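Visitor: Quick one: the structure is below, and I'll ask about it shortly.
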Amino acid sequence: MALYLSSSRLITFLSFILLLSNGFSSSSSRPSIHHRHHLDNHNYKDALSKSILFFEGQRSGKLPPNQRMTWRSNSGLSDGSALNVDLVGGYYDAGDNMKFGFPMAFTTTMLSWSLIEFGGLMKSELPNAKDAIRWATDFLLKATSHPDTIYVQVGDPNMDHACWERPEDMDTPRSVFKVDKNNPGSDIAGEIAAALAAASIVFRKCDPSYSNHLLQRAITVFTFADKYRGPYSAGLAPEVCPFYCSYSGYQDELLWGAAWLQKATNNPTYLNYIKANGQILGADEFDNMFSWDNKHVGARILLSKEFLIQKVKSLEEYKEHADSFICSVLPGASSSQYTPGGLLFKMGESNMQYVTSTSFLLLTYAKYLTSARTVAYCGGSVVTPARLRSIAKKQVDYLLGGNPLKMSYMVGYGLKYPRRIHHRGSSLPSVAVHPTRIQCHDGFSLFTSQSPNPNDLVGAVVGGPDQNDQFPDERSDYGRSEPATYINAPLVGALAYLARS
């Protein structure tokens, strides 16, 4: 460890090593703004099971015999036919009937990362989590089966959003959109490469043939992403914006994809790529949020392990960048904002996605630091792995009900949770109960009603409360009441860790 610390940092570390159980200590540290909300201990194991079950409610395609979310039925069975390709399967991203490839790929990467770091703690839920990943990767393999072409979206978002109908009934156009060498999409291609590479690690031991198939496709897709550079939203703006525009550009996905291929292959080609292109791809730009759009922070945490554990000294800067992110989200930091009740708050719409992704990164980085027997540095202060775990736990506890409203923001967990989530399938009677088709506009009578959703989308985590810890539980409030796959994906890893501990 001392080999990679400056003398001043080594002294700082030795001075603070006895603080490992208490975390952040500094004369300049600020008092916590968190309020305590007394609740019984959370059942993280139950929450983990439900967080994985949620993905079955988002499935598109022909459902398997072991489908547990039984109010759902087959849907989207002709997806891809508009361009004579098979794009059946995959996930609906949130509460609509769209298949957006960009967030689906990120969801897949984060589910895979959750299993890579904490899958050994999942026990009986591990097969279900692998099924959730495979449902996505099977689709991503279809979407990348043609050379130098990626099918990135199924459905017309504007027409889809003008209807309120079950996925089993949808009659809106299932338009297919793609990127190719003439209309590149380095961002979505880089994310798909990351997803396939990460998933290849998950299946390496249990299904070597499938794992190798995923990895070889990841290599091909990354080559396409790097060779034909450009953001996918440049050529597909009317179709993907403002829903999933690539606001942060494509550079972060190239770094992210290379980082995952480095991890999956251990091929020096990708390490050399990162060394040569890291600065150009924004490795040292300051970011303090991690999401389906911006992967810089995730790449830094992932690459920091190469320095911390594998002792790749040329990647030391990624440990420093990872520390900078950690420092930026600590309660009391000038760049962090927390609600009066203690929830990390990044923005008004779908804030829980940042809560779950940050919590996962804190726990993952704590794992790396512990393995390397070191700490994070915030100026002259030390932040221990224990401190990072404590912050992450408080965020997850808030999500599960440790908040001023005593409300769980996970559907089906606890006694008080959102009952009117912004989700078409959940808010309309199931096909089994109401076999007659519900037409495009007919569903809006239920959309505007105050009745609870007839089908619980168990495990779904909604966008969450506002900056004052308030949550109206209104179906029309999509920013706070809509679930999404990329909210749940990193939470799976966090809950796996907490369930064990």
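Just so you know, glycine gets a Cβ as well, placed from its N, Cα and C.
Pulled these from Swiss-Prot:
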ACT_SITE  ASP96  active site, nucleophile
ACT_SITE  HIS422  active site
ACT_SITE  ASP473  active site
ACT_SITE  GLU482  active site
SIGNAL    1-29  signal peptide
Visitor: Which residue, of the active-site residues ASP96, ASP473, GLU482, has its CB surrounded by the fewest other CB atoms within 10 A?
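Guide: Candidates: the active-site residues ASP96, ASP473, GLU482. Fewest Cβ atoms within 10 Å: ASP473.
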Visitor: Spatially, which candidate from the active-site residues ASP96, HIS422, ASP473 is nearest to GLU482 (active site), comparing Cα atoms?
Guide: HIS422
Visitor: Taking the Cβ of HIS422 (active site) as the centre, how many other Cβ atoms fall within a 10 Å radius?
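Guide: A count of 24.
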Visitor: Would you mind pulling the DSSP three-state label for ASP473 (active site)?
Guide: coil
Visitor: Cα of ASP96 (active site, nucleophile) to Cα of HIS422 (active site): how many Å, rounded?
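Guide: The separation of the Cα atoms works out to 9 Å.
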Visitor: Could you state the CA-to-CA distance between ASP473 (active site) and HIS422 (active site) to the nearest Å?
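Guide: That comes out at 9 Å between the alpha carbons.
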